């Protein structure tokens, strides 16, 4: 019986729905043989590898032509999965792609699990775990900078850094073993201790520098979580619609219209801004609105940036003052909306510079984008070309654990602990880093990671 890891799998690799092209993918030992049974055209057994071949998809049981197709034929090992791969390019549409997929399954292929093509690429050594995870980051990237960061990881920038560090740790452990087992001079113990101290500090500095990129990397991957807050009916939803340049939120003069949290993305200087339009934070007896208010408060706590909208045409209210107090953070921008009306707000009572806007007349909206750029990009140097950024929570957690192991080595050295005992923590650091690339990752973790991928990838 062919095991699950080595049978031939099939899946639709393009999004379901109408489109110009649909692709049904096969990977495995029998990919060419199975595809040949549903293809009328050139003999796939004799076509060159990495060739595109015109023909028709047919039902072998009836001879009925299903579609005019182009078949991409790629032979192992020079494929994404390092197996034989067939890609059947059909006209886009749910019916035709699904019919061809069902034919392939009837001819002996198995329906692929989510992420199974990439999993096979990993199991066959085509990519490591960080590169496999980067595949989904490329797919999910919302801006060009997020995409470039993911592509660098896919190309192996993070893998190379981790692998080089693991090799250096291994070399250090080997040298310690040699010095302990075969001492060639009297002060070998002192020299070995100094070697471990020097190398450990070097590894620690490298990993801590990498951790410092985590905040920026996470922003590139997930966006700047931006909560738009303010009391009801000050123009929050109108601001959201203006930034998005489309109508996403209901806008009325009725307080409490936004009853839930609305999330949308907008591209600011190549970095995704995750805009969260919150329900107006106020005391209310309406149960549905009250739930929205509670969610708004939670969004406020988790935000990287707060856009506080105040009504410039009215004096400050107690609610305004409360919002100013609870949103007092470094990355806050106070917006005075409705400046097209007579200004009555007490600007001298506001704690910082404000931006005067009129969402209705689209005035000074560009100043908001410039301020965000100043807060996150210019001051922090958010994106440096060719830099490696940590953006994956799993990677961040593991590197934090690796740094803790190195701290344990240094703490042991300070109290005079024998070097051979400190090898345990240094070895643990090496193993933890291996979990990042997949060299030391448990099977359960690998299965879980690939289950989060989309079907057909």
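Yeah, the Cβs are placed from backbone N, Cα and C, and that goes for glycine too.
Within 25, 166, 197, 394, the residue that Swiss-Prot lists together with 87, 126, 457 for binding (6S)-5-formyl-5,6,7,8-tetrahydrofolate is 25. For the binding-site residues shown (233, 237), fewest C-beta neighbours within 10 angstroms: 233. A straight line from the CA of residue 236 (GTP binding site) to the CA of residue 87 ((6S)-5-formyl-5,6,7,8-tetrahydrofolate binding site) spans 48 Å. Among the binding-site residues 87, 126, 457, the residue whose Cα lies closest in space to that of residue 237 (Mg(2+) binding site) is 457. Sequence-distant neighbours of residue 87 ((6S)-5-formyl-5,6,7,8-tetrahydrofolate binding site): residues of the same chain at least 6 apart with a C-beta under 8 Å from its C-beta are 13, 23, 24, 25, 26, 71, 72, 74. Secondary structure from DSSP puts residue 237 (Mg(2+) binding site) in a helix.
Recorded residues residue 233 (GTP binding site) and residue 457 ((6S)-5-formyl-5,6,7,8-tetrahydrofolate binding site) have their alpha carbons 45 Å apart, per Cα-Cα distance. Look at residue 25 ((6S)-5-formyl-5,6,7,8-tetrahydrofolate binding site): DSSP puts it in a strand.
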